[in-house]
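Here is what TrEMBL records for this protein:
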BINDING   A:Arg48, A:Lys54  NADP(+) binding site
BINDING   A:Arg125, A:Ser126, A:Ser127, A:Gly283, A:Lys298, A:Pro299, A:Thr300, A:Pro301, A:Ser302, A:Arg324  FMN binding site
There are 4 protein chains.
Amino acid sequence: MAGSTYGNRFKIMTWGESHGEALGVVVDGCPAGLELCEEDIQKLLDRRKPGQSKFTTPRKEADKVKILSGVFEGKTTGTPISMVVFNTNQRSGDYSEIAGYYRPGHADYTFDAKYGFRDYRGGGRSSARETIGRVAAGAIALKILESLGITLHAYAKEIGGIAIDYEKFDLQAARENAFTMPDKEAAAKVEAYATQKIQEGDSIGGIIECVVEGMMPGIGEPVFDKLDASLGKAMLSIGAVKGFEIGSGFEAAKMTGSENNDSFVMKDGKLTKKTNHAGGVLGGMSDGSNIVFRAAVKPTPSISAVQDTVNKDGENIEISIKGRHDPMIVPRAVVVVEAMTALTLVDLIFENMTARLDGICAFYNRSK
Amino acid sequence: MAGSTYGNRFKIMTWGESHGEALGVVVDGCPAGLELCEEDIQKLLDRRKPGQSKFTTPRKEADKVKILSGVFEGKTTGTPISMVVFNTNQRSGDYSEIAGYYRPGHADYTFDAKYGFRDYRGGGRSSARETIGRVAAGAIALKILESLGITLHAYAKEIGGIAIDYEKFDLQAARENAFTMPDKEAAAKVEAYATQKIQEGDSIGGIIECVVEGMMPGIGEPVFDKLDASLGKAMLSIGAVKGFEIGSGFEAAKMTGSENNDSFVMKDGKLTKKTNHAGGVLGGMSDGSNIVFRAAVKPTPSISAVQDTVNKDGENIEISIKGRHDPMIVPRAVVVVEAMTALTLVDLIFENMTARLDGICAFYNRSK
Amino acid sequence: MAGSTYGNRFKIMTWGESHGEALGVVVDGCPAGLELCEEDIQKLLDRRKPGQSKFTTPRKEADKVKILSGVFEGKTTGTPISMVVFNTNQRSGDYSEIAGYYRPGHADYTFDAKYGFRDYRGGGRSSARETIGRVAAGAIALKILESLGITLHAYAKEIGGIAIDYEKFDLQAARENAFTMPDKEAAAKVEAYATQKIQEGDSIGGIIECVVEGMMPGIGEPVFDKLDASLGKAMLSIGAVKGFEIGSGFEAAKMTGSENNDSFVMKDGKLTKKTNHAGGVLGGMSDGSNIVFRAAVKPTPSISAVQDTVNKDGENIEISIKGRHDPMIVPRAVVVVEAMTALTLVDLIFENMTARLDGICAFYNRSK
Amino acid sequence: MAGSTYGNRFKIMTWGESHGEALGVVVDGCPAGLELCEEDIQKLLDRRKPGQSKFTTPRKEADKVKILSGVFEGKTTGTPISMVVFNTNQRSGDYSEIAGYYRPGHADYTFDAKYGFRDYRGGGRSSARETIGRVAAGAIALKILESLGITLHAYAKEIGGIAIDYEKFDLQAARENAFTMPDKEAAAKVEAYATQKIQEGDSIGGIIECVVEGMMPGIGEPVFDKLDASLGKAMLSIGAVKGFEIGSGFEAAKMTGSENNDSFVMKDGKLTKKTNHAGGVLGGMSDGSNIVFRAAVKPTPSISAVQDTVNKDGENIEISIKGRHDPMIVPRAVVVVEAMTALTLVDLIFENMTARLDGICAFYNRSK
């Protein structure tokens, strides 16, 4: 286990602290023959970069990725791909104060409880910068999905309680506004609300939705490694995510069977479903419909408003957290959701290749 | 991966189909020296048994467990524990019809898509009987937790949209009514609603809540194998679970940071939290508070009401599912939630033993 | 880890003690569509059965296997296959004496050291009966190899220092004599030597050789999961195996590069090697030649001759082990070598399916 | 699997090609609180560095390691430790010729067979430089062993057929001569023989022996993850290793039970063994004696003498390999043997912590 390794077939190990020398990831199990260059990775990393609007931390990080192994003459070789982003803008001074107390909503206390001490600079390993490795590896997974005809996109479905209106759904808008909301009007309302909360020294949460298109049926393992269970773990492994649901999710708990069941129907000679309450997964395996799921993201725990807490000497104190923080996590987490989704899907798609003996025989006969 | 294996340190492999010879589980990694007898397992299995009220399937299954290995003179030996429940009440005839079509909300189609064919008798491996192995193994995990001073209980928080009132919370009631609801009045309302839905040939869903008490802090790994992420996967791996949330969960998405953050406070010389919006987990590690989470359960997909679907020849047809089915899944899933929670906690508690060098050295010096 | 689980893609969990209720195995990850019946398993199990000549223990065990799950209408379904062999001939009385002392060459002491106590009846989990689960699972792996055109056979290369003469190599003989030696004359010499050693209350060791034919090139992972490293672990995991070598093995250590290197050469338009000092593996991957390796097997530690040892009270004592024991391990271990080889090869063959992106794309395009 | 990941509890992922940007390793699962600095790693890396005598390749590599994460204020934090060595002396021109043909005894052909093409520069991932990551991670494992009172040392037992004389065993000598031989006279003979073989453009093999002292009993899992099986895989995963044996190894195959069994005996109130034919492992678990094993290393396949082979166009050709190569692999592999041994032992020592319930309870009660 050990915690910083993800995936069984397309396996990654991420590393790095917020204010250490660098952060990165190694990918073990990427197939040979994928065209890959640093720009492929950088594109995705740039989407998680801070400092892109006043609603994200003003901290500037170049976050330039370097590929150190596993690629030769523009193609992956099948050997581990090591990627690194060197830290260039650490201001440890900003954070020295937090060494002495436990910030509410943060992992300061639990790190100390588990390990005896912690790298307190910028949250150390529990910083959002930890996701750099995930996103870099996810960029590779996304390229593999693409070569299989699978695409996916995540966006903010709701921020600060303000939800998008699906009647006005506009995916392009999600790529253009600071909140990744596919509804300009909702985004405008969020802007007003967020501006107010920033002034109050407070922060807000939201819900990210992700849709996968072009998925073949049968992906996911029927018992413990269900597709939805795996996606759930992937999402909940992202700091600040407190809930996950697929398809109708928590709404399904209030429905009757006759409402919630998706009838199968033949359409143009193809088996399909009339509705998609299931969110594209039946019995833990993809059913060929779009996969649709949501992750609930808590408000940023770092707020400048005064809070009660405890210091390392066991005294009750009051604090006000300084430094450069995102007033909301959702916009920058959207790309992490996409990365983790891609990593999970690739792993299960690879796993599925040995589900049937005829498929295995055909595979090896073909290569004869 | 392969799907029927769960856990890394306390590892289980479950097997068996609804109408096969037997179902069971092997536990690899149970420590030596735990007192264990068949009655310990049977007690938990009996709680998932069908036929205990008119709100569960009238199918009768003795479900008597047998321990075949790993226990000697009343104690576990550290070697694999194999447990088996032989099937005694299979009526394959009841199910032969479903061989030819795809039931909405079931895994019939996805099994065919993945494996080319399926054991259609009673749902085969996707039957709820698959959970027998989980519960049997979970009973052992619960005994280990108990020896560490950790207890847990799950119950129905909501069924058919009818929620419990925490003012009237009564855990004993949950063990006594057919719905596992810790609120007698809510249970009475559910009974009326469920009776009506059964008459309509329909089914209902609900929400299960689980609380873990006595957890030491620091359990869970800080990145991918977070405690909440692992619990989420555990819950979502249970058939019919469509959503998971920890602490305030989806509500947290609507809150501000100042509302959602739990202030730390010293109380009787012990660090604690004023509130528990976090649900007992910070940064993926237990914080010493109660762990509180919920799983959303969809309504039983098997309903006798008429439904549209498709048969294996690709024709649109109408069906009405016969046979013995639970009108709601929640009551019998409660014990599965407890089992999966115990399995997950034990695995992470074992994992945590190598978090600190001083702990490792003390462990080996002690045994010198 | 936990020790009784083997394989990553074709994963097995074995269980059972010599004198417990039963022994068995669960296979998680067997592809769907393999024709399988109990007779397929029984055939291989019968080859490891005791009591087949005076050179194996006279203990009689029916060792009848039962398949409890994962097969429907004569074919594997892709779900876990559970197999069990009930114990029918335990005579615990024979073994009660050994509860009190540590037999030289056995795991009695180390079991106590690790677990605090042990199931001493017949060696418990460290009995050779533990291999029943391996052989049952290996029978399935062998069927998968067969469907890919791969065959393998193991035999005694040397027993009690008496080696076969490759000039007289006769594989059929190996299936007919009590020693599995592919050389009748060597077998006759072993018979004389073994008879003498039995009379002296002593036991003898030997070397098993295994040859795999029809292997496609490229199987095995180039760094830690090399094909030869994996085979080595497989062999050394068999009780009594103390050494492993592939190709020229320890002889290679005495050779020069010009002697040991196998020249490549085109033959009938096909790349091949002039010699096979490498044993069919280059850089940890199969090279298309036969895979050839050997395992050194120590003499049976249970001997009736008097030995010094220590009892549980820490007293130096003399013992003479009674009971029914094999005077040599090699003949019955041959089928275990075949089983473990098959399990290892299938696992790596499955792993290899995601080595190249073009192969993955072709696989999924084919099934579209 | 995926091949470049090793260990389950103390897990490492190595990466890097001979002539890529860099090589390195990430360690996931190192406990917190270990004092660690770059010098700890560098010391071990320096022992595998080329160019230290005329019997290793004259290629100069600074091989300076950098720790990029997981250490804070001189101590490990429990988070992944990333280490990197940048390549500074790649001369790709030397190697361009080998792109077109398959060198005998090398992985050129098998890499092409598996992945479709290969990074041919300096052997790419199959270069001995791949072991840099192993040695860097092994240095950490060695420090953990040291804190548990366990030490280990490897040395050349035999080179070019010239074996050490145990009567003249001198461990200090092994650290001083170019051949790592603990017998000065044998080393002198090897020097003469090796000098001659270098002149002939040929290379030689040998045998490495490793001894572990101070091991607690009970380490290793009794079935598949036996201590000796795990060490065997570790050794055979090192390029050029073709055989492995523990204790008497292949000699045990020629012995009788009465010769090979090690009698237990009480000595100074402590259970010990009169002999150590077992090599310190009984039933796959350490027995408290020294662990003693050997690895057979083939001669360097890169030789300047003329060899037959095949090129990528399928033509039979003659080649003479140019470039800078070690005339023997043993001396530089000794430190890799030590590193892999340490990694394997730490993994199994960590695994063993959950073998007994009383140990687990004591561990958690202690920390209360």
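Counting begins at 1 with the first residue displayed.
Glycine is treated like the rest: Cβ placed from N, Cα and C.
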### For A:Lys54 (NADP(+) binding site), the one of A:Arg125, A:Ser127, A:Thr300 that lies nearest, given that the binding-site residues are compared by Cα
A:Thr300
### Query
For the binding-site residues A:Arg48, A:Lys54, A:Arg125, A:Ser127, which residues show a Cβ-Cβ distance under 8 Å to chain B?
A:Arg125
### A:Arg48 (NADP(+) binding site) versus A:Ser127 (FMN binding site) - Cα distance in angstrom
13
### Message
List every residue in the same chain as A:Lys298 (FMN binding site), at least 6 positions away in sequence, whose Cβ is under 8 Å from its Cβ.
### Response
A:Gly105, A:Gly205, A:Ala240, A:Val241, A:Lys242, A:Ile329
### Task
Mind giving me a neighbour count for A:Thr300 (FMN binding site)? Other Cβ atoms within 10 Å of its Cβ, every protein chain shown.
25
### Query
If you count Cβ atoms within 10 Å of each one, which of the binding-site residues A:Arg48, A:Lys54, A:Arg125 comes out on top?
A:Arg125
#### Entry: Neighbourhood of A:Ser302 (FMN binding site), C-beta criterion under 8 angstroms, separation at least six
A:Arg103, A:Gly105, A:His106, A:Ser203, A:Ile321, A:Gly323, A:His325
### Task
Could you check the binding-site residues A:Arg48, A:Lys54, A:Arg125, A:Ser127, A:Thr300 and tell me which sit with their Cβ under 8 Å of a chain D Cβ?
A:Arg125
### Query
According to DSSP, which of helix, strand or coil covers A:Ser302 (FMN binding site)?
coil
### Task
Determine, to the nearest whole angstrom, how far the Cα atom of A:Thr300 (FMN binding site) is from the Cα atom of A:Arg48 (NADP(+) binding site).
16
### Query
In Å, rounded, how far does the Cα of A:Arg48 (NADP(+) binding site) sit from the Cα of A:Arg125 (FMN binding site)?
17
#### Entry: Per DSSP, three-state class assigned to A:Arg48 (NADP(+) binding site)
helix
### Message
Give me the count of other Cβ atoms within 10 A of the Cβ belonging to A:Ser127 (FMN binding site).
### Response
22
